[in-house]
Amino acid sequence: MKNYFSTLLNDPEIKSSLRISLPLVFVELVNSLYSLADTFFVKDLGSEALAAVGIAGYLLMLLQVFFTLFQTPLLILVSQSIGAGYRDKTRLITGEILVEGSICVIFLSIIFYIVAPVFVAIQSGVAGLAFQYTLDYLRIRVAWFVIFFVSASFDIVFIASGRSDISLISNIIGLVSNIILDPIMIYGLAGFPRLGVAGAAWASVIASFLTIPIQLYYLGKLQLLPMRPGLFILPRKIIDLGLPAFIERSVISLGNNIYAGIISRLGNTVMAAHNIGLRIESIIYMPGFAFAMTASTIVGRHVGEGDFKRAKRIGEKVIYMGASLMGLLGVVVALSSYYITAPFVPTSEIRELASLYLILAGFSEFGLGLAMVSSGAIRGAGNTRLPFITNTVSLLLFRVIPSLILVKSLGVLGPWIAMFIEVYARGIMAYTIFKRYFNQLARRLIS
């Protein structure tokens with residue numbers, strides 16, 4: 001066993017993957033802690049505040065789906081252009097996608113700000129204080145959504161160029177800012193007005209804004225500052241790569257919102273427990289996001305070079321590493337679920353429900369990792385249609401429909417069991433497609 005791990009860690013392809021993925025694991029941890037910080041600091045405001053942050057979080061996930069329309073092409077095109085050795089083209093790609101994406105995000109923010117009350121009512125069915133808290137938090141985040149888009153897009157460029165360590169630096173600075181600002185703005189410390197749940201939203205906006213100057217500094221050092229596009233030449237590629245990813249994420253987020261809506265209708269206590277469990281689980285599946293991005297980056301780079309055989313070989317190694325690590329973390333969290341929920345719960349009933357969620361979620365993480373990293377590798381190869389088909393079919397067929405049926409007889413346990421089954425179905429489908437059909441699905445997009 002010792003010799004096996006020694007050989008594994010001395011594999012140059014494994015090392016190159018870990019140089020990208022390990023910082024990304026911590027980036028995902030930082031991103032998870034952003035949301036967890038809001039949950040932690042609002043818990044003393046009551047179950048309505050906890051439920052509100054959770055409901056708003058689901059709706060923000062739905063909105064952030066729009067980012068994929070631009071950021072999926074950005075990741076694929078930047079990684080392939082760097083692999084092909086075209087640095088100036090990388091800067092032009094970044095500049096054009098940022099301009100087009102920012103315009104669209106601002107337009108979307110205006111519309112959603114106006115119709116936010118309707119979405120909150122449809123998604124959750126909450127009323128009274130929980131409804132008002134949700135609306136306050138959501139509208140503040142939405143009004144400044146372009147800040148989150150620009151910052152996230154710069155992170156994509158760092159990751160696609162193999163410098164995920166820089167992404168980690170900027171995200172840590174943002175997290176520290178958020179943790180400092182949360183209690184100040186929520187509870188009115190240091191002479192600031194007490195803003196309650198709205199203060200958590202403002203803290204997130206300001207913290208994200210503070211990362212942008214740091215990102216611009218490092219882009220300059222890497223000679224990757226975005227170039228202002230003279231003519232828009234990428235809309236067709238953006239649509240070709242981004243639209244399937246956008247529709248996929250839209251359907252998945254819509255499905256997850258329906259799923260959350262099923263749970264929220266079981267009461268504030270159940271929704272608060274689900275939200276706490278989900279926020280803790282986000283720490284478990286951070287390696288999945290990290291290794292999915294790594295797979296997209298490395299596979300994309302070698303496809304850009306024209307070396308499809310190497311792209312597939314490294315992609316498989318990244319899939320194995322990501323799924324195995326997620327599975328291991330999931331088991332640890334499942335076995336310690338009752339203890340790790342304690343700091344985040346105001347009542348014993350919420351604690352017991354959150355612990356039950358984490359047991360099911362923890363033992364499903366291997367399947368989720370298989371799905372996430374395999375889909376990332378397929379996207380890096382230049383194909384966004386197949387992940388769209390497999391992930392959408394799996395969510396609707398194995399999660400949403402069974403949840404609607406099982407909730408009637410099993411309560412909240414029904415949707416949670418459906419979630420467990422669905423992630424394994426999705427993982428098996430995605431990995432099988434990558435393993436058997438890689439050479440047919442891979443496309444070199446840079447010339």
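Cβ atoms are placed via backbone N, Cα and C, with glycine included.
As annotated by TrEMBL, transmembrane segment applies to 20-37 (among others). Cβ atoms under 8 Å from those of the transmembrane segment (20-37) belong to residues 53, 57, 155, 159, 162, 164-165, 167-168, 171-172, 174-175, 178-179, 182, 204, 207, 279-280, 282-283, 285-287, 289-291, 293-294, 297-298, 318, 321-322, 344 of the same chain, restricted to positions at least 6 beyond its ends.
TrEMBL lists 49-76 (among others) with the feature transmembrane segment. Only residues 6 or more beyond the boundaries of the transmembrane segment (49-76), in the same chain, are considered here, and those with a CB under 8 A from a CB of the stretch are 35, 38-39, 42-43, 93-94, 97, 100-101, 104-105, 108, 112, 116, 119-120, 123-124, 126, 130-131, 133-134, 137-138, 141-142, 145, 148-149, 152-153, 156-157, 159-160, 196-197, 200, 234, 237-238, 241-243, 245-246, 248-250, 252-254, 256-257, 260, 264, 268, 271-272, 274-276, 278-279, 293, 296-297, 300, 346, 379-380, 382, 384, 445.
Feature annotation from TrEMBL assigns transmembrane segment to 97-122 (among others).
Counting same-chain residues at least six beyond the ends of the transmembrane segment (142-161), those with a Cβ under 8 angstroms from any Cβ of the stretch are 20, 24, 27, 60, 63-64, 67, 70-71, 74-75, 78-79, 82, 90, 94, 97-98, 101-102, 105-106, 108-109, 112-113, 116, 167, 170-171, 174, 205, 208-209, 211-212, 215-216, 218-219, 222, 224, 293, 297, 300. The transmembrane segment annotation in TrEMBL covers 142-161 (among others).
Counting same-chain residues at least six beyond the ends of the transmembrane segment (168-190), those with a Cβ under 8 angstroms from any Cβ of the stretch are 23-24, 26-27, 30-31, 33-34, 37-38, 41-42, 45, 151, 154-155, 196-197, 199-200, 202-204, 206-208, 210-211, 214-215, 218. Residues annotated as transmembrane segment in TrEMBL: 168-190 (among others).
Same-chain neighbours of the transmembrane segment (196-219): 34, 38, 41-42, 45, 49, 52-53, 133, 136-138, 140-141, 144, 147-148, 150-151, 154-155, 157-158, 163, 166, 169-171, 173-175, 177-178, 181-182, 184-188, 225-226, counting only residues six or more beyond its ends whose CB sits under 8 Å from a CB of the stretch. Marked as transmembrane segment by TrEMBL: 196-219 (among others).
Among the features that TrEMBL reports, transmembrane segment is placed at 318-341 (among others). Tertiary proximity for the transmembrane segment (318-341) is limited to same-chain residues at least six positions away from its ends with a CB under 8 Å from its CB atoms, namely 14, 17-18, 21, 276-277, 280-281, 283-285, 287-288, 290-292, 294-295, 298, 351-352, 354-356, 358-366, 368-370, 372-374, 377, 427, 431, 434.
Feature annotation from TrEMBL assigns transmembrane segment to 353-374 (among others). Under 8 Å from some Cβ of the transmembrane segment (353-374) lie the Cβ atoms of residues 269-270, 273-274, 276-278, 280-281, 284-285, 287-289, 291-292, 295, 318-319, 322-327, 329-335, 337-338, 340-341, 344-345, 391, 394, 412-413, 416-417, 419-420, 423-431, 433-434, all in the same chain and six or more residues away from its ends.
Beyond the transmembrane segment (386-407), the same-chain residues lying 6 or more positions past its ends with a Cβ under 8 Å from any Cβ of the stretch are 244-245, 247-248, 251-252, 255-256, 258-259, 262, 266, 371, 375, 378-379, 413-415, 417-419, 421-422, 425-426, 429-430, 433, 441. The transmembrane segment feature in TrEMBL is assigned to 386-407 (among others).
Under 8 Å from some Cβ of the transmembrane segment (413-434) lie the Cβ atoms of residues 259, 262-263, 312, 315-316, 319, 323, 356-357, 360-361, 363-364, 366-371, 374-375, 377-378, 386-387, 390-391, 394-395, 397-400, 402-403, 405-407, 441, all in the same chain and six or more residues away from its ends. Per TrEMBL, transmembrane segment is recorded for 413-434 (among others).
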Intrachain residues whose Cβ lies under 8 Å of the transmembrane segment (97-122), provided they are six or more past its termini: 55-56, 59, 63, 66-67, 69-71, 73-74, 77, 131, 134-135, 138-139, 142-146, 149-150, 153, 226, 228-229, 232, 234-235, 238, 261
